[in-house]
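Enquirer: Supplied in structure tokens, the structure appears directly below.
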Amino acid sequence: MADEQKKKPAVIVIIVSSFLLILFFFISLMLGRYQVTLGDIATVFYSKIFQTDCNVSEMVQSVILKVRIPRICAAILIGGALATAGATYQGLFKNPMISPDILGASAGAGFGAAMAILLSLPFVFIQFSAFLFGLLAVGLACLICKMVSRGKDALLILVLAGMIVGTFFSSLITLMKYVADPQSKLPEITYWLMGGLSAVSSSDVLMMLVPFFCGIVPLFLLRWQLNAMAFGDEEARAMGLNTKKLRTIYIVSATLLTAAAVAVCGMIGWIGLIIPHLTRMLVGPNHKYLIPASFLIGGVFLLMVDDLARTLFTMEIPLGILTSIIGAPFFVYLLLKRKKGWI
């Protein structure tokens, strides 16, 4: 009976979050420098679906189809990916202060992008380099953990190894900025590291889909087992789970999500930390509901932040700045409000 009572609000949160995601999808299509009405959106969608003539101007069609839809889709996928990765890491490491960049993925991706920018590589190679070094950083952290832990305190040593790797790649980013041309390369590196979706295209979204689905599908399919993993290896093994195999799947999947997100939009903080906290307050610690709810709320959150970034001022504000301004005080509020245990 208690489980049924907990299930109902969790399902309601997921339904409401889905509705808000659809609502803000259409609101975001109308917001921006170029005025677009709901009628324009409906006309363009109808003409594309049913292959009819469209009486909307070419400019408005281009803004909707080539600029805003890719950007909105990227915001939803990236916000959802970071929030899902954060919820996974927090459950796996049994620590509410864990974020998706704990194993060095964001710092590694940042270094990969900075190096590619310094070498004047095309934008697609910048993204590929960021994704590759994000995976490499986590792989290096896991390798250090395997060499040091020898099966003892593996999770703690993995976190420490991630901090070491993250610090190492952060210092390399500083080195890249130091040697970069202050007139051209340095501003480009700095702007990329602050995060943003202004340069996102449909090809970027399509490129992100492969690692995104490779990461999100295992987490959704195995979210029930994460409940057992969150209580420790002994309890999980007592239930017949292969903890080593599951831990590897969770880490690889969450890393794919984080690296793919950072490769497309740069380094955006706080989403993977505060959204799982907020979601846990709404649906409880059961990962059966926590994972999908985190994805939806993360998508809504980044979509709202991106709307603010491109409408508050004439010059677009980098997303990393806004998420920090919003995230830091909001996280303090969550800590003050949630006086009980987190799990």
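In case you wondered, yes, glycine gets a Cβ from its N, Cα and C as well.
OK, TrEMBL features for this one:
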TRANSMEM  12-31  transmembrane segment
TRANSMEM  69-89  transmembrane segment
TRANSMEM  101-119  transmembrane segment
TRANSMEM  125-144  transmembrane segment
TRANSMEM  156-179  transmembrane segment
TRANSMEM  191-222  transmembrane segment
TRANSMEM  249-275  transmembrane segment
TRANSMEM  317-336  transmembrane segment
Enquirer: Counting only residues 6+ away from its ends, which parts of the chain sit with a Cβ under 8 Å from the transmembrane segment (249-275)?
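Expert: For the transmembrane segment (249-275), the sequence-distant neighbours (Cβ-Cβ under 8 Å, at least 6 residues beyond its ends) are 74, 77-79, 81-89, 92, 97-101, 103, 105-106, 108-110, 113, 127-128, 130-131, 134-135, 138, 142, 192-197, 200, 204-205, 207-208, 211-212, 214-216, 218-219, 222, 226, 229, 294, 297-298, 301-302, 318-320, 323-324, 326-328, 330-331, 334.
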Enquirer: Should anything in the same chain at least six residues away from the transmembrane segment (69-89) have a Cβ under 8 Å from its Cβ atoms, list it; otherwise answer none.
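Expert: 21, 25, 28-29, 98-100, 102, 197-198, 200-202, 204-205, 208-209, 212, 215-216, 219, 226, 250, 253-255, 257-258, 260-261, 264-265, 268, 271-273, 275-276, 279-280, 287, 290-291, 294-303, 306.
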Enquirer: To the transmembrane segment (317-336), which of 12-31, 101-119, 191-222 is linked by the most Cβ pairs under 8 Å?
Expert: 191-222
Enquirer: Taking residues 6+ outside the transmembrane segment (101-119), which of them lie with a CB under 8 Å of any CB in it?
Expert: 89, 93, 125-138, 140-142, 158-159, 161-163, 165-170, 172-173, 176-177, 179-180, 185, 188-189, 192-193, 251, 255, 258-259, 262-263, 266-267, 269, 272
